[in-house]
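K.L.:
Structure in C-alpha cells, see below.
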Amino acid sequence: MAQHQVNYASNAGLPVALTTVDKLVNWGRTNSLWVLTYGLACCAIEMMASGASRYDFDRFGVIFRASPRQSDVMIVAGTLTKKHAEFIRRLYDQMAEPKWVISMGSCANTGGMFNTYATVQGVDRVIPVDIYLPGCAPRPETLQYAVMLLQKKLRKRSIFQKQKPKRLV
C-alpha cells in the first residue's frame, strides 16, 4: 500500500484532509482494478487460481469482470491466433481510458512454441502491452507481482498529462 502524507487543517473545528487531485485519483485507480480476463490456454488456469482463496486477488482490489466496458486492465493468457486477433482488438477498443494490458505467459508474449501461419507471434502485435509475464505457465504469485508493479506505475501517473506507454517488465 502507498503511504502518502496527508495534511490535516483545522477548519472551524472540523478536520479537513488536504491532498492533490493526482494522489486522490491514483489512489482510487490503484485500489480498484477491474480486470477483463482473456484466457486462451493453460495460463488461464493459473489466472483462475490467482482469484481463488489461496492467493485472493480481492485483497489487492482486483475484481474480475466479464464486460470490457467495466474493465481497466486486460490480462491475455495463452496463444493468440489470427482469428482471435480481430476480436481481442475489438475488446481492447471497447475498454474505457485509461486502460492497461498484461501479457501472461510465453505464448502470449512471443507465440511460444507455435510458430505457424495461424499464430500471432505476441499480443503486442495487436494491442499495446504494459507488462509481460514470462514463463509457461507463470505462477499466480508472478501475476500478483505484475499487478503490484502496475499499481506502482499508477501511483506515479499524472492524470493531466498524456503519457507514453512504458514497458515495465
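Yeah, the Cβs are placed from backbone N, Cα and C, and that goes for glycine too.
Owing to the predicted nature of the structure, the values given are computational and were not obtained by experimental measurement.
Okay, so Swiss-Prot annotates it like this:
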BINDING   Cys42, Cys43, Cys107, Cys136  [4Fe-4S] cluster binding site
K.L.:
Give the sequence-ordered set of same-chain residues, not counting Cys42, Cys43, Cys107, Cys136, with Cβ within 8 Å of the centre of the Cβ atoms defining the [4Fe-4S] cluster site.
P.N.:
Ala41, Ala77, Gly78, Thr79, Met104, Gly105, Ser106, Ala108, Gly112, Gly135, Ala137, Pro138
K.L.:
Tell me the Cβ contacts of Cys42 ([4Fe-4S] cluster binding site) under 8 Å, same chain only and six or more apart in sequence, or just say none.
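P.N.:
When sequence neighbours closer than 6 are ignored, Cys42 ([4Fe-4S] cluster binding site) has Gly78, Gly105, Cys136, Ala137 within Cβ distance under 8 Å.
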K.L.:
With an 8 Å cut-off on Cβ-Cβ distance and a minimum sequence separation of at least 6, pull the same-chain contacts of Cys107 ([4Fe-4S] cluster binding site), or say none.
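P.N.:
Once residues fewer than 6 apart are set aside, Cys107 ([4Fe-4S] cluster binding site) is near Leu40, Ala41, Cys43, Gly78, Thr79, Leu80, Met113, Phe114, Cys136.
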K.L.:
Reduced to three states, what secondary structure does DSSP give Cys42 ([4Fe-4S] cluster binding site)?
P.N.:
coil
K.L.:
Counting every protein chain present, what is the number of Cβ atoms, excluding its own, within 10 Å of the Cβ of Cys136 ([4Fe-4S] cluster binding site)?
P.N.:
13
